[in-house]
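Q: Below you will find the structure I want to go over with you.
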Amino acid sequence: MASATLFPFLSIFSLTLLATASAVGFSVELIHRNHPKSPFYNPTISISDRVHAEVQRSHARAAALRRTFFSQLRNDMSSTANTKYSNLSPPAPDFTHLIPADSSFPYTIPSDTPFPSPADSPIPYLPPADSPFPTQSPASPNAPIETDIIANSFDYLVSIHLGTPTREVIAIADTGSDLIWVTCKPCADCYKQDAPLFNPATSSSYANLPCSTKKCNQLPSSQCDNSASDSKCIYQYGYGDGSQTIGNLAQETVTFNTTSGSTVGFPKVAFGCSHVANGTFERHSAGLVGLGSGPLSLVSQLGSSIEHRFSYCLVPYDSANITTSRLSFGSDAISSHDVEITTMVDIDRETFYTVTLDGITVGKNNTLGPMERSYMIVDSGTTLTYLDSTVLEPLVELLAKTIHLPQVEDNEKLLPLCFDESNVESDFVYPDITLQLGKATVTLKPYNAFRKINDKMTCLAMTSNNDISGDNLSILGNIAQQNFHVGFDLASKKISFAPADCTKY
């Protein structure tokens with residue numbers, strides 16, 4: 001297992017550009033969990049086992065994305081019902097007693113604390129579709145912040161430097177969530193991790209945010225001690241697998257070491273300083289950087305200083321080049337060659353980057369028959385691409401007719417179409433698959449659409465969302481996005497796709 005120092009001191013002083021009024025452009029490394037630079041890297045795992053682990057994480061995340069996406073819709077639709085039946089909504093647990101007003105740590109969590117449990121308390125709370133009881137409104141001032149994302153279903157990591165003086169934090173990079181949070185000292189109930197906890201007491205730029213601040217009000221919900229106007233703002237995130245993080249909403253200087261060798265810092269970035277973090281979080285990461293489009297995400301907070309733009313360029317999994325992927329901001333996030341641009345769907349799902357899937361073509365001329373337009377989330381944390389069965393089944397049928405190789409079954413039965421390459425010709429190539437994403441025509445090369453399982457088997461890296469959705473929601477996974485410069489412009493609500501050799505960024 002590769003070793004990594006996750007919190008080394010870094011003196012920045014005059015070397016750091018504090019980005020405040022003027023816009024900047026910069027790029028940082030985006031590290032896949034199986035890259036040699038990742039603390040999760042394990043060279044002893046076989047390709048087959050690694051792929052099956054990827055697929056299982058992908059299934060868990062795709063299911064969680066779907067539940068979160070549609071729970072927001074149900075919450076919106078039930079707002080009127082919530083007013084009528086507000087007395088029937090389940091009471092929200094109070095977490096303020098877990099974060100004391102002073103610094104009198106350590107403290108213990110009462111045994112009767114009503115933490116959410118995935119078995120009997122879905123997150124977010126969703127009653128059966130035919131239930132007369134409404135969902136609890138996320139705007140409720142006492143409701144915990146909850147998401148169905150699985151805590152360890154991630155693929156990419158990013159390094160940030162927090163505080164003054166700075167400490168490095170290796171965190172999950174997640175386009176499917178907003179809040180930035182790290183584990184902080186002291187911690188009453190934290191998962192075991194390799195890195196020391198971030199100690200806010202040692203940072204001169206750290207400050208807790210009171211409940212009266214705009215950023216506290218931008219949380220979907222918060223817990224406060226209402227006896228004082230400057231009471232600390234407490235956040236709580238529950239995850240779909242029962243994991244949770246609870247702590248103070250605070251502000252701190254966030255600094256990046258860029259790929260050009262410089263450093264760039266941003267003061268007063270709101271983040272969650274977690275004093276409770278338990279569940280299935282993995283010991284090699286120390287927090288999460290939300291890259292969604294909600295107001296508390298890193299991208300939204302940096303705002304005009306990065307021209308409201310970011311992008312990533314993902315190196316293919318099977319690349320012989322061990323270059324890391326890139327996460328870019330501001331002017332570095334602009335691509336000017338062969339760019340396909342589409343508009344994000346104008347729906348009230350502020351976290352997710354959502355477009356429409358309007359058509360699919362195999363090769364040059366084999367277009368699938370009439371298909372119903374669906375929403376498609378563009379997500380860096382989901383490995384596979386997910387399609388409704390009414391789209392996947394004819395696609396699989398067309399590919400089976402087009403690809404003249406023997407079909408075999410994946411041993412784990414996790415993927416819908418696999419081919420035996422034992423006797424494949426040296427000049428054989430799989431066909432391109434082109435997606436019509438609104439106005440953007442995005443052509444997936446074979447490495448975007450197929451995943452090698454072992455030396456003799458390759459499978460389609462797309463599957464049905466039937467087990468996770470009945471609502472025709474698609475997800476564009478990160479395999480499909482490899483070797484594309486994928487750009488997000490939050491100001492114009494545009495997503496761009498430009499083919500690129502991501503090993504050269």
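Placement of Cβ uses the backbone N, Cα and C atoms for every residue, glycine included.
Here's the feature list from TrEMBL:
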ACT_SITE  ASP174  active site
ACT_SITE  ASP379  active site
DOMAIN    156-498  domain 'Peptidase A1'
SIGNAL    1-23  signal peptide
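Are these features on the surface or tucked inside, and what touches them?
A: Take the CB of ASP174 (active site) and look out to 10 A: across all protein chains shown you find 26 other CB atoms.
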Q: Using all protein chains in view, find how many other C-beta atoms are within 10 Å of the C-beta of ASP379 (active site).
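A: Excluding its own Cβ, the number within 10 Å is 26.
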Q: Between ASP174 (active site) and ASP379 (active site), find the distance joining the two CA atoms and give it rounded to the nearest Å.
A: 8
Q: Please give the average pLDDT for the domain 'Peptidase A1' (156-498) in this predicted model.
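A: Overall, the domain 'Peptidase A1' (156-498) comes to a mean pLDDT of 90.
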